[in-house]
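As recorded in TrEMBL:
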{"type": "DOMAIN", "residues": "A:79-178", "note": "domain 'Pyridoxamine kinase/Phosphomethylpyrimidine kinase'"}
{"type": "REGION", "residues": "A:300-323", "note": "region 'Disordered'"}
There are 2 protein chains.
Amino acid sequence: MSRVLSVQSHVAFGYVGGKAAVFPLQCLGYDVDVVNTVNFSNHSGYGRFGGSKADAEELTRIFGLMAQNGLLRSERLLTGYIPSGEALAAVKDMATKLREANPELIYLLDPVLGDAGQLYVAPSVIPVYRAMLPLSTIITPNWFEVEVLTDVKIENMSTLRKALKILHDEHKVPNIVMSSIPLKPWLKAALPSRSRTPPGSEPSDEDFLLCISSSQNQTGDDAPSIVHAGRVPYISGYFSGVGDLFSAFVVAHYKPTSPILQTNSKPLDTASGETALSRAVSAALTKTHAMLLLTNEYAQQLPEEERQPTDDEADEKEADRRVRRMKGRELRLIQGQDIIRGTQKATERRMDLWAGFWTS
Amino acid sequence: MSRVLSVQSHVAFGYVGGKAAVFPLQCLGYDVDVVNTVNFSNHSGYGRFGGSKADAEELTRIFGLMAQNGLLRSERLLTGYIPSGEALAAVKDMATKLREANPELIYLLDPVLGDAGQLYVAPSVIPVYRAMLPLSTIITPNWFEVEVLTDVKIENMSTLRKALKILHDEHKVPNIVMSSIPLKPWLKAALPSRSRTPPGSEPSDEDFLLCISSSQNQTGDDAPSIVHAGRVPYISGYFSGVGDLFSAFVVAHYKPTSPILQTNSKPLDTASGETALSRAVSAALTKTHAMLLLTNEYAQQLPEEERQPTDDEADEKEADRRVRRMKGRELRLIQGQDIIRGTQKATERRMDLWAGFWTS
């Protein structure tokens with residue numbers, strides 16, 4: 001196996017950022033170099049949180065010392081929440097050097113910007129992320145982050161295609177993964193049948209979230225990308241760190257069969273309909289969803305006061321109400337480590353080829 | 001299983017402090033709350049290293065937020081390298097509160113002071129550690145640290161007994177573990193036969209390190225402690241993070257059968273000759289030594305320039321020489337995770353009862 005350099009937030013209690021990503025990567029056999037962008041007590045969802053942030057100078061010093069010591073040589077790079085444009089620029093410089101030194105570097109860039117229409121980083125971060133996109137191998141934005149990065153409001157298939165095209169062609173991103181997409185009617189109508197119709201006993205389409213992946217087709221510059229889609233049942237309630245865990249699984253399970261930047265490689269296995277990306281995303285969906293089920297099961301059996309539904313007004317009146325809910329919904333990574341390793345099988349969540357994505 | 005709060009150093013690259021302790025604890029089923037006392041690029045043995053230190057104020061803020069959020073509730077506490085007296089005092093305040101809230105807290109205090117006659121913390125740390133000893137359940141000092149804490153120079157059985165007595169009686173430490181003790185002639189002569197004579201095919205006594213554990217006998221105040229000893233083969237060369245890994249294994253495998261502070265408990269199982277402490281230490285020796293063997297095997301097969309012997313003069317002339325050696329000797333925790341979990345069996349290293357310790 002190889003090394004992963006993980007650059008993201010650290011919390012003392014609970015599982016978000018590095019705490020959600022590092023242990024799974026280690027379980028899967030990777031040596032992980034861990035640079036903490038913040039050192040906080042717990043995640044911000046608790047309402048009360050704090051600690052220290054690493055500024056650009058500190059990050060640059062740590063990366064510089066690692067480089068001087070010949071320790072900046074990981075084959076994979078994973079970056080997540082980075083709070084300021086300046087700190088992100090320090091990460092960009094390091095990623096640029098890693099990429100220059102190793103064209104086969106596998107860099108999963110999670111452009112953490114916000115969700116559901118709301119930014120939760122400084123706006124100065126956005127142009128830096130845009131400038132970093134050509135360094136990436138895979139990006140894992142959510143719907144909102146794709147809109148912010150491309151300046152395209154996604155409202156139908158045509159704008160969805162446009163956004164992916166901008167990321168692939170203008171920003172030179174080889175692989176895009178968007179997960180946790182609500183199944184809007186126009187999206188549902190366009191999906192290939194396998195991704196649209198759930199097996200008999202399962203709930204209706206409204207109860208699913210969609211994941212879309214898109215791999216640049218390396219047979220020619222103008223060839224459209226290879227798109228896959230997969231569904232996972234929606235679990236109500238907000239769980240933190242899920243995206244960080246998902247990205248860790250994607251980077252861990254991404255196994256390109258040929259150097260990724262080489263042209264004329266064959267990214268699509270025509271027999272299975274899979275790409276290196278869709279295979280990694282299928283594994284990541286499978287394990288992330290199994291971990292969410294395990295966490296939700298645990299949360300459901302807690303005493304009632306520890307599993308109050310999300311209600312900002314009630315939280316406002318009683319700060320501890322929010323804290324109790326958050327605590328009960330921390331990912332059960334330790335208890336689910338056999339799922340991470342794959343020694344305990346989970347229901348497979350598969351990405352299927354969306355053959356007509358660019359033409360229908 | 002339960003939670004462990006681990007308070008120690010963090011390095012981006014390699015395995016010392018928290019990086020040596022947290023992953024093993026997680027593999028063994030513990031949720032680990034991780035508070036970083038420093039955030040460095042790599043350990044100091046590389047010569048070039050740096051990053052940031054958490055000061056007392058930052059540690060107090062993080063512990064305070066955790067307490068406010070009801071997240072300071074771990075059943076076990078593990079503290080290691082803490083760079084300043086002020087920062088250590090902040091840890092002391094937190095440990096005092098945890099102990100008051102839970103008399104059954106299992107607190108493994110590793111009083112990191114130095115080794116082989118040299119301090120590597122500020123001297124202001126020493127009185128704070130002395131004041132913290134009564135809070136501990138287990139301490140894991142090395143030989144030098146016992147001497148510093150007790151102000152006793154250990155040169156024979158009588159001074160060894162005196163030092164242990166001071167720790168148990170004056171400082172109220174229930175359980176003491178000293179590992180990596182060179183087998184000096186007077187010590188060898190005093191050892192019970194099982195701990196002294198190695199099986200036929202193994203090397204001579206000089207090639208062993210000794211581990212001594214001592215559990216306060218809770219049947220009465222004046223009763224002498226129950227002492228065990230065990231040997232592990234000496235592996236030449238310096239490996240970093242071994243003590244941190246060992247302490248993590250001790251706290252993970254310590255399973256007292258009755259509340260530990262209760263009097264009239266039966267710490268010695270007369271059938272097996274074991275105590276809860278000696279059992280934990282046997283498991284810790286077994287796994288730590290297997291991990292060292294794995295690491296040494298790896299280091300031995302590296303190209304010659306990456307496995308130069310320790311030589312301060314040669315290092316002085318060429319900084320990268322030291323760096324290459326250190327890198328090749330980083331613990332192979334990830335590759336040895338089956339040893340950590342116990343799914344891959346390692347040669348057992350057993351602590352044996354030293355019945356005549358106090359009387360012979």
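Every residue, even glycine, has its Cβ placed from backbone N, Cα and C.
With DSSP classes pooled into helix, strand and coil, the tally for the domain 'Pyridoxamine kinase/Phosphomethylpyrimidine kinase' (A:79-178) is 50 helix, 15 strand, 35 coil. DSSP places the residues of the region 'Disordered' (A:300-323) in helix, strand and coil in these numbers: 15 helix, 0 strand, 9 coil. In the predicted model, the domain 'Pyridoxamine kinase/Phosphomethylpyrimidine kinase' (A:79-178) shows an average pLDDT of 96.
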